[in-house]
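Per Swiss-Prot, the features are as follows:
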type: COMPBIAS; residues: B:18-39; note: compositional bias 'Acidic residues'
type: COMPBIAS; residues: B:63-87; note: compositional bias 'Polar residues'
type: REGION; residues: B:1-97; note: region 'Disordered'
type: REPEAT; residues: B:221-262; note: repeat 'WD 1'
type: REPEAT; residues: B:268-314; note: repeat 'WD 2'
type: REPEAT; residues: B:326-369; note: repeat 'WD 3'
Amino acid sequence: MGKDVALDFLPSSLYSCTCSCDGKLAFCDSEKVQILVPSTEANTPKFMKALAYLDDVEDELPNCQMLAPNELRLGDLTPSVISRYVVWSPTGLADNYDPLLTVLTNRHRVYFFSSSSRVLHQKWTCVAQMSTHLPSDPLELCRIHSVAWSPLVSLPSSSPWGVCLFALGAESGHVHLSIMSHSSTPFFKSFDLNCSWVVQLSFSSWNVVGDSATCLLSCSSRNGEIRILKIAISSHSDTFDTAMQELPFSLDYRPFSPLLAWSSPLANVEYLALVYPGHLFAFRYDKSLGKFCSFLNHNLLSLCSPSGVLFGHNDIDTIYVYILTHSGTLETFSLLDNSISMLDSPERHVLEKFLNNHLQNYGSVSDDSIKTLKIHGFCPSPYLSSAALHFSISYPASFTYVVTAAERSYFNFIPSLFSKSVFSHMITSSLNNLCVAPSAGCLLEISLMNDTLKEKTDIFTMLTNSLSSFLVTDYDFFLELKHLIDISSLSNLYLDSSLNAMRLLYGWSVYKQKALDATLLNSLRYRLTLYIMLYTLSQISLDPSYLTSDCKAVLRNFVSFTYKELAEVPIAMEVANEIAKSLEVSSDFSETCPACEATVQFNNTSLATCDNGHVWRRCSVTMLLLSQKAAKYCAVCNSIVAIFNPSQTKCLLADLQNELSICFYCGGHFLVS
Amino acid sequence: MGPKSKEYENPSSYKNDEDNDDDGDFVLENVMSEEDIEIETPSRNRKRVSTTRRTPSKPIRSQPLTPSSSKGAGNEPKSQNSSTTRGSAKKQSSKGLEEKLINSYGTHVESLNKGRRLIEIWKYYETAPGQSSFEGQTSSDSKLQTLLNLDGQQLLSYSENPFYLFEVKNLSISFHFESPQQVEPCQPVNPFKENPQKSGFVVNTGIPLSSVSWLPTNKETQFLAVGGMLKFSETTESVFMRTSGRNQIQLWKLENKTNFKSEFILYHDWGSVLQLEWCPTISVEDSILGFLAVVCSDGKLRVLRVPRSPVKFHVFVEQADFTFGFNDSLISCCTWVSPEHGDIHQILVGCSNGYLALWDILSSQECPLFYIPYHDSYIHNVVQCLDDFPWLFLTTAFDCYTRIFDIRDPIIDNRPLSHKRDICYTITWNNMLQSIISCSESQSVVIESLRGTSTQLLDERNGSIISLSNSKFHPFVACAASDGIVTIVNPFRLLGFSHKQKANVHRIFQLEYSEKQDSYRMLDGFRPRLPKAKKLDMYIYPWQIQVNKVEWNGNKGYAGWLASGMACGILRVEDLSAVERR
């Protein structure tokens, strides 16, 4: 069955939940945001609950009594700050390279939250406030009604962490746009859309051509006006260009904002869906032509407002649209060019079965009573293979509640949604760039699939077959060691397909099977050691003072490891000898025990024992003794990495600290303890 | 010492002092003159005291200010005592007044000044004043918008299908302690024959009234739509079930404030009428009286274009001009949406499952603009905050929550006002007070300020508050309850004076029912008095005397007319602007 999470609060808004790239869920919980972090520990709950409090972010209450009636908003009259909309940013934007939690409050302000957390005691704090970056006058220009993030785009000549766009819809009919990257400060540009309140924003995917990329931002106002901005960025500059993209088709008179959603790209075609109560318009956008070609018009059965839209793919390259309304009605149809076919409604049967199971679990069910199902939030995962469903069941006639719960893997029950193309797309995204598509989210999706399918070996077989073509044996790696391309940056380690394939396999073994794969672990460690030594040699030739004393200690460990483990590989010995020459020390060096200053021999890559019996744990990257307190843990494989304070900004330790910001072995994100 | 001791020994004299503090300088000077008379002739003094107690506001209007003669008549010690009392009263009232002002109107300069002017105008009225006072104090008349052109639409569809007339019994009603008289159905009775200054009508409509609605118009002729339940009964079907059946909507006509008659009757098969609401615009077509929104127990909302002069008196409505509904829920209430700019063409409805929906008549597709969950149970009322906040809407539901939301962005801009321990059956918006007037614990009428956090008690009743009504021309709040009593209260009496001041409650009429004799008694002519403390015991009143709906007339020149609909079928229409105390 699916993974239910019983929540103990009522949501403070519709559209109350959101999924991040690495599998976190966030819910609007009145004066705070409930965050569910997936846990891979054995004998622990599947989700760790964390909270982000909003009370601490508002230092001064606005003087709402000074406002005229036409300037007064209900949020100004509320004594507390209530979360109204939450959305995750793409990964890599926070200081710890996690996604930023973006919260829109009832006072129309936007805040960024990030975790400075310890294991099992998560705490999220406010790291930025958008009102300080927006113009304060007039008041309607800084009142935000909608928030949207674009996907990350990694241009060839830019940082592998990529950039993205952040959009804020204002009350004055403006859209504030800013380019965001890792630890960057927002710098907004405002564009007047000549409409009323901008209450809906949605980004399409990027279309990368050479060193530039374009995407579309669809905007909707409270009066139903639709505006589409075409945004182009270039890696040569930090700015972006915008142009109004016309929607060539006219809609019927509908003076209210629809729900906007973009599908994932399929064969250079993308769809923009406008979902009204009882009606759907889907506009086909051709990326090669750069314009909208046609649109589909479809009547929905339910008149209820939609709570979410999900675009699914099947194996024959057909896009299905799943629309779930607030009253729990699920409708699905395919986006074909010349025909709209309604399926035999297996999804409805699945939904009824799903709800009946939950009703039985969460309370007595009487056929005579009137039940009301409310879908508070319906958020697809970034890989479109599952969806988070936040719902509650109440009995209006007896004025009682039953429960509110979040179900993540509901759509795994639908056979037509899970397809090899989705799986392939997921794997391909992770193989290309783990910075943009973190492996934590990918492994979580695979785990959900594995839990729901009857044949559990299918997932593992598919994973092995998909990754086998990218794997490179140790022997082949050593043969081509001298011919490695692009060793100018350590971040390029996450762009290598073979390394990413090994990371996914190793991560899967740790994530699902709860067992270490020693072969994969050693292979990854070999590559890490040799790659860092080659990188160091290239940097030394450019900067003679690149190495500090701490850097030399790290390199000594690498040389010792190579002498011990790779003595039979000539090319590895050659690299190690060259490093040893630059260190100007003898080959039989040893570390000292911090407790008794005895000699510590390099015998193990995980633990170190001195002559007097003191045992120390080693850093998984630098293999130094973890005598200091500061360290961080990988959320997936629990490998420990020390946190250093380099004495100079340009040295090996500083580069390791800054650029190896996600786990080298599995691609997961770190938790700081 | 002699006059002082007499003053303390006389309770009525003590009350005079309290009243005089509230009214101001004029009354104080009058009291001094009365004390002089008291010394000379004690018997005559008593009569004068009673006269003053009966009509405390008359001296303010009739007697001009003559400070020199009054002060010259009194001696020096008495004048010193008067000045001391006057000073202390001002100090106390000024502090409380400022706090109440800021809580109600905020510190925005224009809003605050507007509030001050309104308080200065209305705080002296304990009961409904004369007509000239109503209209003269209105600073501006809100312009009603006309509906968009619908020339292509057909008129109301009615046919010659056979239908039966309802059998209605005569009601035995006693007025002013007179002998009961048999009131025939649909025959208006004037209960104020002996008092030509008062004007009003009592009608036996023959249907258990649940909703009344005045037609917005700028002409002299007034129309009143009246609807009710299917049958006379203490119990009814569940509000969550669809019921239908033959029922009627009566349209009454008021001409020249003297003639009240039934214009025509609309028959339908939609079940009990839960709510009637005229579109708040003036019809531009002479053949159409107006647009009437009807919410019935079959769970659908219908909009009827009511003809001004139908061919027949009994009209059967086969199909409404606009019909809106859902398959999974019942529409329970509605309100027309008057936008800040533009014409009125949208209706906001509440449903039995706690959802809110917005319909647009002009939309070619018969789909709501939004249909979102909002409450957890049956939504009982939806009210728009006209005129200063036309985008805010108030809702009450059976989950005991009262909520307010902004229709421009209902997902973000919404918040609960309060959670009550009982179902809040009615809620209104008073624009002069910038406050929400609702009932708390089903028996207390409270004022909840929009900007501040203060809640003031306006009235307490022994029965459940069923209906409240406000007007844009005056601040008087009409309260109807299950005890058969309709009262009006001036909430500015709470704002214009000190903390301890309470507003007098003027009981307009009281309906009583005797089950043994199967007769009713309608009493009026009550004196305004302070609200009594609520009794501890709960008394269940007969269902026949429950007043289900009160509504002020919203047209200029007729703002003092109050319509009251009762569960026994009695409709009372009365011009309160001509109220004079005997």
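First residue shown is number 1, and so on along the chain.
Placed from the backbone N, Cα and C atoms, the Cβ positions cover glycine too.
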Summary of DSSP states over the repeat 'WD 1' (B:221-262), given as helix, strand and coil counts: 0 helix, 20 strand, 22 coil
Residue numbers, six or more beyond the limits of the repeat 'WD 1' (B:221-262), whose CB comes under 8 Å of its CB atoms: 163-164, 166, 186, 188, 199, 201, 203, 205, 207-215, 268-273, 276, 278, 289-290, 292, 294, 296-299, 306, 330, 332, 352, 378, 543, 553, 555, 558, 561, 563, 565, 567-569, 571, 573, 575
For the repeat 'WD 3' (B:326-369), the number of residues DSSP places in helix, strand and coil: 0 helix, 19 strand, 25 coil
DSSP helix/strand/coil residue counts for the repeat 'WD 2' (B:268-314): 0 helix, 25 strand, 22 coil
Per-residue pLDDT averaged over the repeat 'WD 2' (B:268-314), given as an integer: 85
